[in-house]
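Working notes for the structure below.
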Amino acid sequence: MKIAVYGKGGIGKSTTSCNISIALARRGKRVLQIGCDPKHDSTFTLTGFLIPTIIDTLQSKDYHYEDVWPEDVIYKGYGGVDCVEAGGPPAGAGCGGYVVGETVKLLKELNAFYEYDVILFDVLGDVVCGGFAAPLNYADYCIIITDNGFDALFAANRIAASVREKARTHPLRLAGLVGNRTSKRDLIDKYVEACPMPVLEVLPLIEDIRVSRVKGKTLFEMAESEPSLNYVCEFYLNIADQILSQPEGVVPKEVPDRELFSLLSDFYLNPSSSRSDMQLEDNSLDFVMV
């Protein structure tokens, strides 16, 4: 199974990806996480350091694939999760999609691409071009990381459009949204009402999730010395269980930009009416159930 994780830049994709990878490993799966970001820091919380990228390794070998060994590019992380960083082209030059393609090509050359139960692609920022949508070519499922904010959901809608486009030619489905570090989900629910898709989990607004990134540790590793964090790990284990159940997923139909802008901005500009509408719907549902 191959999973591509997308979301607005800075939303917490790498932190979430690392914890999902650990959760999958805790369920007995052999997991490879591939960071697809020029910053090459996707796997930092798994390994505790910035591992060399595949592009750097290939450059040092003059792109002689036969001179590259698995241990040159695959690093063992916490919990037995294997880690790879694709890296990226120089700033302002090249294509990130090419880098992803070279990474997959090398892993196939090393007979490593098909050795894992789950491969998770952690992809940078928003999908702004076909190049960075490249991991969707290999994925069975896409997961979108968001929060309860305007910008993150606007980005999620653009990613949903990319999933729909790729699903025309690939067996790709959207597994769902993951709300990261948010105390509310009303705007998420409003968006999902307009663009139907599953919400896999909404992670609590706790500082430890952000701090784990700075410490270079996953929540699972931190929980070994801070048992109070075990309840947070259950959220990631729940996501892993849903993924491993091989959900049907959806091919989303994104909301047109202007319509989405109006929908989300109205929620901010007229909060009282939006909340009263939602309360009215809840009351109606209760009445029907009685």
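Every residue, even glycine, has its Cβ placed from backbone N, Cα and C.
Values in this document were obtained by computation on a predicted structure and should not be read as measured data.
Per Swiss-Prot, ATP is bound by Gly10, Ile11, Gly12, Lys13, Ser14, Thr15, Asn180, Arg181; the candidate from Lys29, Lys39, Lys166 named for the same site is Lys39.
Lys39 (ATP binding site) and Cys95 ([4Fe-4S] cluster binding site) are 14 Å apart (CA-CA, integer value). The record assigns Gly10, Ile11, Gly12, Lys13, Ser14, Thr15, Lys39, Asn180, Arg181 to the ATP binding site, and the maximum Cα to Cα distance across that set is 22 Å. Neighbour density around each Cβ, counted as other Cβ atoms within 10 Å, peaks among the binding-site residues Cys95, Cys129 at Cys95.
Remark: of the binding-site residues Lys39, Arg181, the most isolated position is Lys39 (fewest other Cβ atoms within 10 Å of its Cβ). In this structure the C-alpha atoms belonging to Ser14 (ATP binding site) and Cys129 ([4Fe-4S] cluster binding site) are separated by 20 Å. Annotation for Gly12 (ATP binding site): same-chain Cβ neighbours under 8 Å, separated by at least 6 residues, are Ile145, Asn180, Arg181, Ile209, Arg210, Arg213.
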